[in-house]
C-alpha cells in the first residue's frame, strides 16, 4: 500500500503550481457524453485521476467507445451507435458520482439499470432527490437487490422542487430533461461552477437550458443531441487546497489558472484571517505570515457558500492559527474523521454534533496517520508539512481519486515529501 512521507517543521512553500481540470466537472461531463446520438465528443483539460478512469469504464460498459489520451489530457467519446442500458456494477460501486449516468441512460434509451453507488464514507448522501425528480418526469422507479431500475418511454417535462440543492441530483435531472418532451423547471437547483460548466456543455450539444448558476433551471427538451468539443473548467478545490497550503506555511504561491470567482467564499475567509490574496494575470497569489493570522468561524454551505470540500483542509489551517476557531459542517454528517487523526499529531479540538472547535497555534508533531476520505487525505498531508518531525500518511487510494501528483507539486514548492510503495 502506498504512503506519503513528509519531513515537516520549518517549510515555507514558494513558487508556482498549475491547477488541473476539475474532477467534479469532468465526471458529469462524461455522463452527459452518453446523450448524443450523433458525432463524437472531445473533452480537453481532463485530469488524470482514478475517478476519471472509473467513470470511463462505466461509460465503456454501456458499449460506448471511450479513448483517453493521457499525454494530451483528452478524452474522446463516441456514443453514436446503440448503447446498453445497464451500468456495470464493478465500476458503479466504486464511486458515488457514477449515479449521474442514470438520467442520461434513461433519457437516451427509455430504460436504465444502475447499482447503488460507492465512494467516500462521509455521510449517507441519499439519492432520493435524484429518484423523486425522475419520477416527477414520468419515470417508474424500482429498487431491488441493490439496483435501481428506471423506465419511461419518453420523459415528460415537469416542475421539480428540490428540498436541498444537491449537485448530483441537479446534474442528473438537468441531463435527463434535455431529451424530455416539454419544459422542465428545477427549483432550488445547485449553483456550483460545475453546474454552469455542464449546462454550457449540454447547450453546445443542442440542449436548451437557461438559468445555470441561479436557483431556477429551465430546460426545454429536444429530440436529439450531437457531439461537441469542450474544455473542462479548472478545479477550484485543488486551487483552494494550495491556497490553504500557502497560508499554513507563511508561503508565497501563485496558483496558476485558478478562477477568483469560483473561489470567492474561501478567499473571503482567508482574507478575514489576515492572508494576502491577490488576482494576477496568470492566476491567484497567496501570501501569509502564519503566526499573525487570526482565528475565524466558518460554516459550510451549498454554493455560493463555503464549500464542504474545503472543510478538512481549512481545519488544518485553523490548527496552526493562534486561538480558537470554529468549523460548522452543515452539508455532510460524519466529515470530521480527519480530526481524530490530527489529534495523533497533537491537535486539540472538540466536536459537538456538526461543530468542531479547533484550539490552534500549538506545535504539532509528526505521526503515522490514516486518511479516511479524499479531502481528509490532503488535509493530513498539509498538516504533516507544518508538524515537527516525520509524518506518514497511509491509505492513498482516496487521494488519487481527486489530486494528480499532489506530492510532486508540493515538493516543487519546497516541501520535503515523497511517495513510497514499500510495505
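The first residue you see is number 1, and the count goes up from there.
The backbone N, Cα and C atoms fix where each Cβ goes, and this holds for glycine too.
These come from Swiss-Prot:
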BINDING   23, 24  phosphoenolpyruvate binding site
BINDING   96, 309, 331  UDP-N-acetyl-alpha-D-glucosamine binding site
MOD_RES   120  2-(S-cysteinyl)pyruvic acid O-phosphothioketal
ACT_SITE  120  active site, proton donor
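You'll find the Cα of residue 309 (UDP-N-acetyl-alpha-D-glucosamine binding site) roughly 11 Å from the Cα of residue 24 (phosphoenolpyruvate binding site).
The distance from the Cα of residue 24 (phosphoenolpyruvate binding site) to the Cα of residue 331 (UDP-N-acetyl-alpha-D-glucosamine binding site) comes to 16 Å.
Cα spacing between residue 331 (UDP-N-acetyl-alpha-D-glucosamine binding site) and residue 23 (phosphoenolpyruvate binding site): 19 Å, rounded to the nearest whole number. Cα of residue 23 (phosphoenolpyruvate binding site) to Cα of residue 96 (UDP-N-acetyl-alpha-D-glucosamine binding site): a distance of 13 Å.
Taking the binding-site residues 23, 96 in turn, the residue surrounded by the fewest other Cβ atoms inside 10 Å of its Cβ turns out to be 96. Secondary structure from DSSP puts residue 331 (UDP-N-acetyl-alpha-D-glucosamine binding site) in coil.
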